[in-house]
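Annotated features, as they stand in TrEMBL:
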TRANSMEM  7-27  transmembrane segment
TRANSMEM  85-105  transmembrane segment
TRANSMEM  131-159  transmembrane segment
TRANSMEM  165-184  transmembrane segment
TRANSMEM  191-209  transmembrane segment
TRANSMEM  239-259  transmembrane segment
TRANSMEM  271-296  transmembrane segment
TRANSMEM  333-358  transmembrane segment
TRANSMEM  379-400  transmembrane segment
TRANSMEM  406-428  transmembrane segment
TRANSMEM  435-451  transmembrane segment
Amino acid sequence: MTIHVEGLVAIALFYMLILFVGIWAAWKNKHSGEAEGTDRSETIMVGGRDIGLFVGGFTMTATWVGGGYINGTAEYVYLPDYGLAWAQAPFGYALSLVVGGLFFAKPMRSRGYVTMLDPFQQLYGKRMGGLLFIPALMGEIFWSAAILSALGATLSVIVDINIKMSVVISALIAIFYTLVGGLYSVAYTDVVQLFCIFIGLWISVPFALTNQAVSDITVTAVKHVYQSPWRGSIDKGDTWVWIDNICLLMLGGIPWQVYFQRVLSASSATYAQVLSFLAAFGCLVMAVPSVLIGAIGASTDWNQTSYGAIPPKDKDQADMILPIVLQHLCPPFVSFFGLGAVSAAVMSSADSSILSASSMFARNIYQLAFRQSASDREIVWVMRITIFVFGGLATLMALVTGTVYGLWYLSSDLVYVIIFPQLISVLFVKGTNTYGSVAAYLFGMFLRIGGGEPYLQLPPFIYYPGWTTEQRKHHITGDMEEVIVQKFPFKTVSMLASFLGNVAVSYLAKYLFESGKISHKYDFLDAVVSKHSGEIMDKTTLVTRGNNIGLSEMAPVKPRLSVTLAAAFTRQDLNISSSVLLLFVYVLSL
């Protein structure tokens, strides 16, 4: 295969457009928030809390519509053993946005948090916030690395250029405009990128459908032509696995900083909910061309194409079915449009994850845990450095690690099993404390890792009911190996055990300390007895904040005037006079 000059020109033009939009967004909003006195670091993290419906809807949709989303959806529709029935990402992530909008967006936005970890540090303390940062960071970095790796492989299919070069250039562009503009650049480039994804894929679909090598997809959906019907089916023995996966997508798709970064940037709590619902619809719409391309791949006689007689699934290239269809079933100029769509999808996800990881580190680890007196300028520089560091780390992993997807699968499971039940506890369950949080963390991690991870060749040490063994081909070596498959919904069970463990241990610790069965001096986490400890950050908030502003959910919420520790976690949705509040705190201190 020779280098396609037209393809390289198309990619260069597309990347220049994205870079221009990112720099323009940074310049346009460089003074945003100054009139209200908002710190620059907070403006970078949440965009001055003035993201409107149009830009907000696009950037919220881009939360999940990435390279893995459009490639993975096409792959599962194409695979004979799975089909549309197992392409759960579009429905699962759309449901996650609906559930997030109904139950999580309003309390998170109305309380004026800046990152997803804020409520954890408010209730459980800075050390627990640091522990929860680990799975959150793993999820963001591994996600970025996985989609950058997919981009390199996709470009190699359509345009014969060096994979490593394409990954590095794409990552550098995403890092640069994120570095200079923060959430504003990410949000505005998301608008352009989603347009490119939608237009690029929809232009390709009619050409692929009308190719003479493609059979009627309405027939191949229900009848065996070149392979089993692409509609797919769910065997009775796999029902619990299907339910486990859809719960992971629907509920595990909520506790991600990339989602809450959009929620917290909305101009009001009501807008945050509306954006979630719009994005749910957008996710379903953006999945349609990927589903059609997967169906086209399953309906193609590959012997009539330039690809060759052996189908992609038999060459272990099912994960590349989308670029393969673009390359071999569409004219060259159309495939280049599709290539731009894939590149757009990757960059729209990579920039968000990099910004999310750096925001959590700069605020929740550096500022609130170690440098509470750090200036706003210092926090901005920490963010810039970590954007570059985390972006470089994701790029390095994409280039040298062969198990990026396996790492991302495991880290996504940990986000679902560890962070989601703790998010429910911290927002909706009164009485949980740091002891319960630590116990839940350990329970969830033990039960999830105990189930093993075949993709990482991590053997299980907990054999859940219904486990079985299967022969699978290794994704790197190609060798056949025997793996243990867990048919039991152990991920969801692990999540529920983590939640119940948090509640049970929290109330047990509270009872033991308050009843005197355990001496107060052993409350080493300052979680039950030491109510005025500086470790529990919201204790100082109630004392030092002069007043609390009642929140009108239908009107834009003004940003907070500072991010000092004392004001960091003020609950802006409480309508209590300062005198009553101070009296309440005084009574508690007696």
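Just so it is clear, glycine is given a Cβ too, placed from its N, Cα and C backbone atoms.
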Query raised in the report: Same chain, outside the transmembrane segment (131-159) by at least 6, Cβ under 8 Å from its Cβ: which residues?
Result: 3-4, 7-8, 11, 66-68, 71, 116-117, 120, 166-167, 170-171, 255-258, 319-320, 322-324, 326-327, 335-336, 338-339, 342-343, 345-346, 349-350, 353-354, 356-357, 360-361, 364-365, 390-391, 393-395, 397-399, 401, 404-405, 407-408, 411-412, 414-415, 418-419, 422, 438, 441
**Report entry** Long-range Cβ neighbours of the transmembrane segment (165-184) (under 8 Å; 6 or more residues past either end)
**Finding:** 15, 18-19, 21-23, 25-26, 28-29, 32, 43-48, 51, 148-149, 151-152, 155-156, 261, 265, 343, 346-347, 350-351, 354-355, 383-384, 387-388, 391-392, 394-395, 398-399
Requested in this report: Report, as numbers and ranges, every residue of the chain located at least six residues beyond the transmembrane segment (271-296) whose Cβ falls under 8 Å of a Cβ in that stretch; write 'none' if there are none.
Outcome: 52-53, 56-58, 60-61, 63-65, 69-71, 73-78, 84, 87, 89-91, 93-95, 97-98, 100-102, 105-106, 108-109, 194, 197-198, 201-202, 204-205, 208-209, 214, 217, 220-221, 230, 262-264, 321-322, 325-326, 329, 556
Report task. For the transmembrane segment (191-209), name the stretch out of 7-27, 406-428, 435-451 with the most CB-CB pairs under 8 Å. Result -> 7-27
